[in-house]
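Taken from Swiss-Prot as is:
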BINDING   Lys9, Phe57, Arg85, Thr91, Arg102, Asn112  ATP binding site
ACT_SITE  His115  active site, pros-phosphohistidine intermediate
Amino acid sequence: MERTFLMIKPDAVQRNLIGEVISRIERKGLKLVGGKLMQVPMELAETHYGEHQGKPFYNDLISFITSAPVFAMVVEGEDAVNVSRHIIGSTNPSEASPGSIRGDLGLTVGRNIIHGSDSLESAEREINLWFNENEITSYASPRDAWLYE
């Protein structure tokens, strides 16, 4: 089963949308196997967004992601990266499909509710960056028989 990293950003946490976002993810058949509400340390933010260092928006991005708690999570399911990317929607909420998390709940590119890994490689890197092994669990769910052939 594939795993991916998702992070509900400070704007969604402050708007009390954690439950709404998780519910949408679970309704699509993905299973939450790790999660934590946390204040992001500066060093973690800089490492996570290191690829954007030197870009004009980098400092604002780091300030935003460390400004309030986030809900970091690991979800599991068949084709989890692609399924979660589809549920999340386009980076720019005004271009995101209705029914997607960003299309329905996002306000601007900078306040777009959620981060999701964009590849299996990114998912593995981000999961290892944000979680220790003992913070992720595996479990069987009766619904699995109804979700997967």
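Just so it is clear, glycine is given a Cβ too, placed from its N, Cα and C backbone atoms.
Put simply, the two farthest-apart Cα atoms among Lys9, Phe57, Arg85, Thr91, Arg102, Asn112, the recorded binders of ATP, are 22 Å from each other. Here His115 (active site, pros-phosphohistidine intermediate) is positioned 9 angstrom away from Thr91 (ATP binding site), judged by their C-alpha atoms. Ranking the binding-site residues Lys9, Phe57, Arg85, Arg102 by Cα distance from His115 (active site, pros-phosphohistidine intermediate) puts Lys9 first. For Lys9 (ATP binding site), the same-chain residues that are 6 or more apart in sequence and have a Cβ closer than 8 Å to its Cβ are Phe64, Ile65, Val70, Arg111, Asn112, Ile113, Ile114, His115.
With a cut-off of 8 Å between CB atoms and residues at least 6 apart in sequence, the same chain places Ile88, Gly89, Ser90, Thr91, Asn92, Pro93, Ala96, Asn112, Ile113, Ile114 near Arg102 (ATP binding site), listed in sequence order. Thr91 (ATP binding site) has a Cβ environment of 12 other Cβ atoms inside 10 Å.
Counting every protein chain shown, the Cβ of His115 (active site, pros-phosphohistidine intermediate) has 19 other Cβ atoms within 10 Å. For Asn112 (ATP binding site), other Cβ atoms within 10 Å of its Cβ number 22. A 10 Å cutoff on Cβ-Cβ distances gives Arg85 (ATP binding site) a total of 17 other Cβ atoms nearby, all chains included.
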